Amino acid sequence: MPNASSGTRPSGPTAAGPTTARVVRIGGLLALAAVVLLFPSLAPDPFILSVGVVILSYAVLATSWNLVGGFTGYISLGHAAYSGLGGYATALLILRSGLNPWLALLVGALIVALIAIPVGIASLRVRGASFVIVSIALVLILQLTFQSWHTFTGGSGGLRVPRPFGADVLRPEQHERFFYLHAVLLALALLTWWLIERSRLGAGLKAIREDEDKAQALGVPTFAYKLTALVTSAFFTALGGGLYALWFGYLDPIFQFSILVGTYMVLMSLLGGVRSLFGPLLGAVVVGYAVEVFKSQYGDTQFHLVATGVLLGLVVLFMPDGVIPAITSFLNRRRRAASIREVSAEELARQREEATR
Amino acid sequence: MTGALFAQSLVLGVLLGGLYALLAAGLTLYFGVMRVVMIAHSAFLILAAYLAWYFHERTGVDPLLSLVVTVPLFFVVGYGMQRFLVSRLRPITLTTMSVLLTFAVALTIEGLLGFIWTGTQRRVQLGYSGTSIEVAGVSVAVVKLIAFGLAALSLAALYLILRRTSFGRALRATTQHPEAARLIGIDTDRVAGLGFGLGLATAAIGGTALALDYTIYPSLHWHWIGPLMAIIVVGGLGSIPGAAIAALLLGVAASLLQVPLGTTWAQTVFYLALFVTLMIRPQGFFGGRLAQRF
């Protein structure tokens, strides 16, 4: 049972494949790092740089979302609750208790992780449906609260977040610094995902995703595992929200606690592929760019809602596993799949059905 | 709180609860026959409200008459939605993926409403809009009474369909045990489609009732989906009587709390109830045999 699924990648000593695969993977990783590091100096103007910051921020949120959504299969539509709370916690800690901004960011995220515990206890006791409903309800109730509680949160008028760098740091430099800060946070979130995937926790979470009853019967502490995944995810989501708040400098409850932001996280993760490490990142680049273009082109009409809706529907219907797995399985079929691959309960059922036919 | 104010809030709460009960019944139907969490239900509600408003705006005839068109239309759309969209999802991940799919539909509807009729707030102005009836010191707006009457009639019709027709029996059998239902020759796919259509037809009626009494705008559906979802969880997912009881209780509670707390904070009672239910009795307080596993 331990490490039963660590043969997830074609990394075992099977054929000539593994070494080339490893080279390709390390090369890809280096190329990715190079693109991220060089982007600020290549970006033609501050606007493009700011779009880069937004996309990285989306990538942080989507990767954090995937810590619970990808591993357990529990789809949360309300992760904006955690990113919004992270933003507000950071801002309020700076404003009300004069905390150092970076410390406020960390403390804020820890507070949000604590809040996620009772939410998880309530919503993870029953299967999927209730979890989704609670996640939506959480965003709606937070939006109500933060809009109405004028004395504490600034209400619907919004809240100005103090800038962490002095006033002498100009806007383009701000963008550049926050670009790298977001890149570091993204790297941390990806590393956490990678570590969990290789651990006993990760194997247990994936067992829950495939068949929760069987996982429980095999002795996986399903509830504790699900809760751990949710709290970790909430922590990183809050860090992402807080960092974004420090960069953007302004919080509005309508946009902070918006179901749409939660939807973007789901869409990005699904589009790229929830089972792969870089799926949400890829999704964030595609969807984040599209969202920014849509907002600047058709900002006044509600057309971006239609576009998001149709895209989400198409992904759910035709590519529920995402782009990366679709391509990988296509390539594997071409290479006659020599290595052990992660097989989902669904695929097993289908294979069995074909065999008995 | 004075006695008169209490009585007033109580009556309004019951009237609102009736409308909630009708809409929650629709949601319960989808969950019962297909295990589908239908996020788009309230978006269709707002769509029906817009259609009623537009119908009144164009023709000047009472918006209630638009039901003649919208109820069959929504029924067909619901049937089609189940047969051509929801049934394509893989059975293993049906519940969670159905959330995303119906959510996508909700976003598309909201976007199209904003695209066609802009985000401007709309309101139906009728001859009887401002009139109210006073009984024993409690005054009730006529439109609220009409909305409640529509809800009560449709719930009664729903009850009769489920209990007295062969289709109703087939639907209940499919809800209780789809495989056994198939074994005795019920075409469960067709039944599920018709059940979906029936659920969506309730959204057409609810939306028209809504248009009589509320100012409508495209993103209004978010204000409805939260309370409705809370109601079906408190009532026990899949149980129509449970949803009806929860709807009435929570409608009254929200209405009574509105006096000391104000509208916004009174709304939180739904979410509080949802949270408490999941903490204490995850399968719901009423009925709710199905909920444990989903």
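Note: Cβ is positioned from N, Cα and C throughout, glycine not excepted.
Record features, source TrEMBL:
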- B:6-29: transmembrane segment (TRANSMEM)
- B:36-55: transmembrane segment (TRANSMEM)
- B:61-80: transmembrane segment (TRANSMEM)
- B:92-117: transmembrane segment (TRANSMEM)
- B:137-162: transmembrane segment (TRANSMEM)
- B:191-212: transmembrane segment (TRANSMEM)
- B:224-257: transmembrane segment (TRANSMEM)
| message | Counting only residues 6 or more past its boundaries, what in the same chain has a CB within less than 8 Å of a CB in the transmembrane segment (B:224-257)? | response | 6, 9-10, 12-14, 16-21, 23-25, 27-29, 31-32, 37, 39, 41-42, 45-46, 106, 155, 158, 162, 175, 265-267, 269-271, 273-274, 277-278, 283-291, 294
| Would you call the transmembrane segment (B:137-162) and the transmembrane segment (B:6-29) in contact, using three or more Cβ pairs under 8 Å, pairs 6 or more apart in sequence? | yes
| message | Below 8 angstroms Cβ to Cβ, which residues of this chain, lying six or more residues outside the transmembrane segment (B:92-117), approach it? | response | 34-44, 46-47, 50, 54, 81, 85-86, 218-219, 221, 225, 294
| task | Quickly jot the same-chain residues contacting the transmembrane segment (B:61-80) by Cβ under 8 Å, restricted to those at least six beyond its ends, or write none. | result | 44, 48, 51-53, 55, 124, 126, 146, 150, 193-194, 196-201, 203-205, 207-208, 211-212
